[in-house]
Amino acid sequence: MIYVLNGPNLGRLGTREPSVYGSTTHADLVDLCLTTGERLGVRVEVRQTDAEHEMIAWLHQAADEGADVVLNPAAWSHYNIAIRDAAAQLSGRLVEVHISNIHTREEFRHHSVISAVATGVIAGLGTDGYRLALEHLARFAA
Ligand code: DQA
């Protein structure tokens, strides 16, 4: 199983600042990830939450299962040590994805506290970043 975990405000994709995040909705993103999983022959589950405790529980579950994770921590990327500590417990691979290029945006978005515990990071490629992350992880899927 590969978990795709999306943090706060990503449920509002499509209507949320479309000039930054595009017109793809979260439902479209779920479709993209599930279709990609089917094509690659890997099981994919997509979840989104605005609640920190829920994201931490999902990361604990992924850690207990040894699962790989695609994580868009959204705003938590920039300050949330509890999410980082949960991500650090993963034994599978972790690909951090950002739809926008956080490095070309406001200064406070330039640093992610998650990146140091991620296997790799994709930023700025829109929702295509999720597809690329899944293609990468599928190479390691048992
Ligand atoms: C984001 C970038 C973050 O800075 C922002 O808080 C988000 C989304 C992205 O996907 O580009 O909510 O992670």
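Glycine too: its Cβ is placed from the backbone N, Cα and C atoms.
Per TrEMBL, the substrate site holds ASN72, ASP85, ILE99, SER100, ARG109; the candidate it also names there, chosen from HIS60, HIS78, is HIS78.
Between HIS98 (active site, proton donor) and ASN72 (substrate binding site), the C-alpha separation comes to 6 Å. Just so you know, of the binding-site residues ASN72, SER100, the Cβ with the fewest other Cβ atoms around it within 10 Å is the one at SER100. Here the recorded positions are HIS98, ARG109, and the one ringed by the most other CB atoms within 10 angstroms is HIS98.
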